[in-house]
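Asks: Pasting a structure below so you can have a look.
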Amino acid sequence: MKLIVGLGNPGMQYQFTPHNLGFLAVDRIAEKYGIRVANRNCKALTGRGVIEGVDVVLAKPETYMNLSGASVQELVSELEIDGTKDMIVIYDDLDLPYGSIRVRERGSAGGHNGVQSIIGALDTQEFLRIRIGIAPEFKLSDGASYVLSQLKKSQLPVVDQALDDAAEAVKVILREGPGPAMNRFNRKPEPPESGGEVAAK
């Protein structure tokens, strides 16, 4: 069993914002594999299915971003899985170029409050994550306002491709492991972690 968690904020006002790309990625995965993410369980919307022959649970915590760890901790416990080996967390990253994908096996939160909440709840940085870049081309004066702003029409094609790439990264991880996924998607060197991301609530 693998747990695939997308991070975001619940509520229509946040649905199509950069900070909710984790939720949107889970929605894309669910669409591709015919999984219905509609059960309320462990403070999250969840759905069970099979991807590449692997039993999976897709989850979107409904706790608001900064409390994501509470939901993830409950899910890991209920599913009786090892969060360091059997979980993939998908989230937005303000330090990566817009629309890019990076697969990472461990590391700090890099300023992302949802990831920090998970690290705190599980007491480890050792879990697989797929990061979706949301860094704009212009210099930001207010990161919080930006990550919670509505996606612009001009950004949608890039976002659409990024969501497909995130779904493909999950498939590669489940079929071949994280190494091949990193080789495929981590094509450019990562910028240093700036801790510049500001999460909502």
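Cβ coordinates are placed from backbone N, Cα and C, and glycine is handled just like the others.
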Asks: According to Swiss-Prot, TYR64, ASN66, ASN113 bind tRNA; which one of TYR14, TYR146 is listed for that same site?
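Replies: Among the candidates, Swiss-Prot records only TYR14 at this tRNA site.
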Asks: Would you count the other CB atoms within 10 A of the CB of ASN113 (tRNA binding site), including those on all shown protein chains?
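Replies: Cβ-Cβ neighbours of ASN113 (tRNA binding site) within 10 Å number 21.
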Asks: Counting Cβ neighbours within 10 Å across all chains shown, tell me which of the recorded positions ASN9, ASN66 comes out on top.
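Replies: Selected residue: ASN9.
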Asks: Can you count the other CB atoms that lie within 10 A of the CB of HIS19 (active site, proton acceptor)?
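Replies: So the Cβ neighbour count for HIS19 (active site, proton acceptor) comes to 27.
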Asks: Under a three-state reduction of DSSP output, how is ASN113 (tRNA binding site) classified: helix, strand, or coil?
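Replies: DSSP assigns ASN113 (tRNA binding site) to helix.
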Asks: Checking the contact step here: among the recorded positions ASN9, HIS19, ASP92, which have a Cα within 10 Å of the Cα of ASN66 (tRNA binding site)?
Replies: ASN9
